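Summarising the annotation, TrEMBL assigns compositional bias 'Polar residues' to 1-18. Residues annotated as compositional bias 'Basic and acidic residues' in TrEMBL: 23-33. What TrEMBL records for 34-72 is domain 'Exosome complex component N-terminal'. Taken from TrEMBL, the feature domain 'RRP4 S1' applies to 84-156. For 178-217, the entry in TrEMBL reads domain 'K Homology'. Per TrEMBL, the feature region 'Disordered' maps to 1-38.
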């Protein structure tokens with residue numbers, strides 16, 4: 001058997017190939033363009049570079065990370081496929097308490113550093129409107145203890161870059177009666193509301209930090225400002241039937257299936273995937289061929305809609 005060794009392609013030839021391929025990338029299309037680090041995004045001089053890109057001497061915009069190209073008018077940026085959550089004020093996040101400190105809690109929200117939840121940023125039992133005192137500080141673990149999962153809103157940023165959270169309002173509470181699912185933050189889409197109730201009777205909190213909570217609806221939670229805060233801060237799970245457990249597990253597997261296929265996650269996509277999964281058992285949803293089948297059907301219905 002003869003073996004032939006060919007010379008490697010030169011850097012100049014590689015540059016010419018890349019330049020001819022990406023000299024006029026179709027940035028007006030609806031499909032996201034995936035690029036690798038060092039890959040040319042565009043050579044058009046009219047575009048400006050944004051996050052995840054840099055420019056060469058001749059003005060060529062080059063990707064510095066692996067991700068999807070995003071365009072806002074003449075600004076080009078590359079959103080990394082796998083990265084830590086980058087918070088913005090007003091974001092709804094699902095986090096876990098990691099430490100109870102002086103007048104504050106530290107919360108893991110899948111960001112570069114833990115978020116801070118101040119004692120002054122939580123609601124008191126009974127909805128009492130007053131300043132927090134020493135007795136409240138001594139009872140902080142009755143509100144949130146280490147390991148508790150909660151939903152909160154990003155309120156501010158500190159000088160060191162840490163985000164400040166608050167849980168004032170009936171929507172923000174300690175989470176229970178459900179299951180925690182973690183997906184890449186880039187996949188969770190911003191909706192008019194991150195709180196959803198699915199037709200199967202399961203409540204859903206789509207945290208923009210990639211943390212999703214699926215739970216049975218809380219008993220005694222009426223969804224208004226008159227909601228009893230003892231329900232909000234309770235750590236005791238309500239009785240959950242086998243049917244409710246199966247629905248929660250099915251929704252969790254559907255979300256994991258969407259994440260495995262790297263599809264955007266929103267309430268509509270989850271409902272379509274859930275309906276496509278009804279012909280399979282919950283355990284079968286872990287199989288790759290089933291994942292591909294249900295996500296393909298959900299994607300087709302999404303494009304048709």
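Yeah, the Cβs are placed from backbone N, Cα and C, and that goes for glycine too.
Source: prediction; values computed, not measured.
According to DSSP, the domain 'K Homology' (178-217) comprises 3 helix, 20 strand, 17 coil. Per DSSP, the domain 'Exosome complex component N-terminal' (34-72) is made up of 0 helix, 19 strand, 20 coil.
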